[in-house]
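Please read the structure below before turning to the comments.
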Amino acid sequence: MGFRINTNVAALNAKANSDLNAKSLDASLSRLSSGLRINSAADDASGMAIADSLRSQANTLGQAISNGNDALGILQTADKAMDEQLKILDTIKTKATQAAQDGQSLKTRTMLQADINKLMEELDNIANTTSFNGKQLLSGNFTNQEFQIGASSNQTVKATIGATQSSKIGVTRFETGAQSFTSGVVGLTIKNYNGIEDFKFDNVVISTSVGTGLGALAEEINKSADKTGVRATYDVKTTGVYAIKEGTTSQDFAINGVTIGKIEYKDGDGNGSLISAINAVKDTTGVQASKDENGKLVLTSADGRGIKITGDIGVGSGILANQKENYGRLSLVKNDGRDINISGTNLSAIGMGTTDMISQSSVSLRESKGQISATNADAMGFNSYKGGGKFVFTQNVSSISAFMSAQGSGFSRGSGFSVGSGKNLSVGLSQGIQIISSAASMSNTYVVSAGSGFSSGSGNSQFAALKTTAANTTDETAGVTTLKGAMAVMDIAETAITNLDQIRADIGSIQNQVTSTINNITVTQVNVKAAESQIRDVDFASESANYSKANILAQSGSYAMAQANSSQQNVLRLLQ
């Protein structure tokens, strides 16, 4: 190796190595002081990109968890409010059940209805005031609300909370057939009871025998109510057109084949002979007699079999010739508010044939609060004739007098009850029946309007497949103020409870979904943060070793550089 003065190669090498080591020492000190392995893109370009992506994902997941907790807060608020509404509905149903017995007077039923009205007001108040951050929850406007619960857009959970006002819940379907006057074997099928399948019931005989009639059919329907969702009730009742007048039955007078014989009775059945004679055989006939508040004879089938009068019960009874065979009205109830679609054979025997007038209506909880309209009342199975209503007869006569004079009416000359007999039966008849003798009176009686498809000249004079309100039915008083109304309110309240339970079940399902999602993304967030830490954070043990190495090299480099510089002094010895 030659001796040179101008260029100290050894010193230059020592400096270069010291510079490199200084950079390593600076990087090591930076990592140890920041705790990060990557402090700039130069440290690890690809690693920094990955770490930044993971950090963004973790932060977004953190906000998604917060969003999910907000969703849970909303759902829990709605759930607790609906829990209180369910308690209110339970109370309403209990009060309706309390009213559904004839031990209650109109006064006490009215008091119960007042309680129910207040409860409904509070139910609606809860529905209209329950909110979260200014958003109404139970008014029906909280539909398809989305909550972002993922790191990427459109990773959402949707929530819908149904309306819980009294006008929106409890919608119950009521359908009641026309009065049946024919017997026979009935085959009944409920179409699409579950949206897909049909349900066929066993055939039932409609007659006056024990174990037959609408009572037997209702029992058959109710056996499968849990499956079909359809329940049935019946009303087999024959009511006189006017108050009982003095009269006599014939020797062969019989009800449901059981001979009762000749009976003389007074006005209003003052001596009780007619009613007591009928009731003496009620265990055999299944028919019980009574008087209503207007003094009219009422024959009621206890078990739903038909009521058939043979012989002559007497015109004074108020029972007209075409009332002597009666198989009643069948009422069907469905708790989901949808149409009850039926088919079958001989449906006219239950008042639901193709030419029968079937009353139908869907009634909400709120509608049971006030006066029940005639449409709803008839669909619920209230008696079509009650006090101020009228029986409707189609006759080829134009007046009550002509009806009384017609052969077979029981009011013809010589009967003792004819026009001008002094018994004023024409007045009672005019109050109790309406004669339909022309298209005009048909339209007036049934309130058939133009455009309805049933106006004069439409060709639908037989009212084929007509479903509407029975003629001349009357409005009924509110809710539980009548026995029948109390029964209907029980059905409606039960439907309302089912509706709320379904809404709460949906809320519960969404709560479980959100909770599971929060649990999942919480674990994901932890794992993502761990992955980011592996890339971005410094390993202090490893970096401390690197620092020690660089520090020692820095010291040794300084020594080496000093030695390299001092080696040039050796050249001076050559010049001595």
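Start at 1 and count along the chain as shown; that gives each residue its number.
Every residue, even glycine, has its Cβ placed from backbone N, Cα and C.
Summarising the annotation, Swiss-Prot assigns region 'Required for interaction with FliW' to 1-44 and lists experimental evidence as the type of evidence. Taken from Swiss-Prot, the feature region 'Required for interaction with FliS' applies to 537-576, supported by experimental evidence.
Here the region 'Required for interaction with FliS' (537-576) is broken down by DSSP into helix, strand and coil counts: 35 helix, 1 strand, 4 coil.
DSSP places the residues of the region 'Required for interaction with FliW' (1-44) in helix, strand and coil in these numbers: 26 helix, 1 strand, 17 coil. For the region 'Required for interaction with FliW' (1-44), the model gives a mean pLDDT of 79.
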